[in-house]
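According to TrEMBL, the protein carries these features:
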REPEAT    394-426  repeat 'ANK'
REPEAT    428-460  repeat 'ANK'
REPEAT    461-484  repeat 'ANK'
Amino acid sequence: MAEVIAGWEGGGHLGRLSLDGLTSLSAESAQALAGWASGGHLSLSGLTTLPLEVAQALAGWKPTARNRSLSLNGLITLSVESAEALARWKDSGVVNSLSLGSLRSLSLEVAEALARWQGDELALDGLTTLPVEMAEALARWGGRHSLSLGGLRTLPLEVAQALAGWEGHSLTLDGLTSLTVESAETLARWRGRGKLSLNGLITLSVEVAEALARWEGGSYLSLGGVRSLSVEVAEALARWKCRWDAGSLNLDGLTSLPVEVTEALARWQGHGLSLGGVRLLSVEVAEALARWKCRQLSLGGLMSLPVEVAEVLVGWRGYELNLDGLASLPVEVAEALARWQGHWYSFDGLASFSKDILRSQRSLLHTASEQGGTGMVLFLLQTLRLDKNSKDINGLTCLHHAARNSHSGLLEILINEDASIDECEPNTQNTPLHFAAAAGNSEIVMLLLEGGADMRLKNSEGKTPLHCAVESGDIDTIRLLVPG
């Protein structure tokens, strides 16, 4: 049977094979499974023990997938010899993951053996305590990506000091429900420059927040279990000096946002803020968020969005806005959101999109194009697959609106989406290039020409874009349109 399974080429695009119902595995069957090459995710979480011969066989598994994971989450004990065998599992995959989530304890020798594994992600979430010697051994693990110790209930200072010496990318300590100031200060000295996850913390003192804010160069701080923030704690977190190009703060546990707390958080100079637990948003809070200078804002917990809040929120000059919790989008709210000039909306929770919007003579797609609403345009084109060359009641396409209103970023996107660049408006026969030339906007004219616009086309008055440029009087535009 194992030989048959090993020859299976299924598993979907991720290549997953789950055999969690197995409570035992012979060395011969393990050897056969090690020949399964078409997938990358093998789960044997029904095994509670791992004989040496089985571990040796599994260590020979070399799938073709770029990301590989071996899940042995049922193991309640692991011998030194089996750990040493698993440590010899290595391959040229982009990410190799080993999950041992049910181990409640480790001997020092087993920890030292696992630390010799040259993989990327190691999960030991079953450990509730970690002696200093084992923490020091794990800190010597050369894994470049992720160490998960999500079951630890306490973090003594000496253990924190040991873990702070690990040079990996992501450290998960989600089981901690409290954290001393001293341990927080030690974690802030962690050599890692990636993700620190402390989602088990329910409350956060000012002193602990101040200590964590001294973690310089980190890219992701997850405090998703914190239920409320005082203004002082928010001010402390806002002083976190993260990596300017990638710093993200997760506060998904917050269910409400007082204005003063929001104003404090809005002073943080990070990259992304996740507030996925917030269910309602007032106009005042939206105004504070709109002043925040970041790139990503997640409000995926909002169940509804009043139009007056939407009108304020679109003033935020960010890049990506997550509104996945919205189950419906009334016409007036959608039209307000269409004015946001960011790059990407996420509406994963929408079961359907208002037919009133999509069937209106002046559709949301054209309204967003006129307003420079890049995020809404991309959502409508890429997610709902609307026609990028559709015309409004006046015969204008999205490209017409973007060119006429000088929305260069949106124009570039539409050109990259292969929108028809020489589409003529029915009454005047003006192309987008005519509109840009008449406005004397050399930047838009340049983008259209680079996109392949035909400068020889004439409108209903017999004018080429050059004629329109001359009438505008803009020298730079005229030079671009002069033949040769």
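Backbone N, Cα and C define each Cβ position, glycine as well.
Note on the repeat 'ANK' (428-460): residues 397, 399-400, 402-404, 406, 408, 411-412, 415, 421-422, 466, 468-469, 471-474, 476-477, 480-481, 483 of its chain, located 6 or more positions outside it, place their CB under 8 angstroms from a CB of the stretch. If one looks beyond the repeat 'ANK' (394-426) by at least 6 residues along the same chain, the residues whose Cβ comes under 8 Å of a Cβ in the stretch are 341, 343, 365-366, 369-374, 377-378, 381, 388, 432-433, 435-436, 439, 441, 443-444, 447-448, 451-454, 457, 459. Remark: secondary structure over the repeat 'ANK' (428-460) totals 16 helix, 0 strand, 17 coil, with classes taken from DSSP. Counted with DSSP, the repeat 'ANK' (394-426) comes out as 16 helix, 0 strand, 17 coil.
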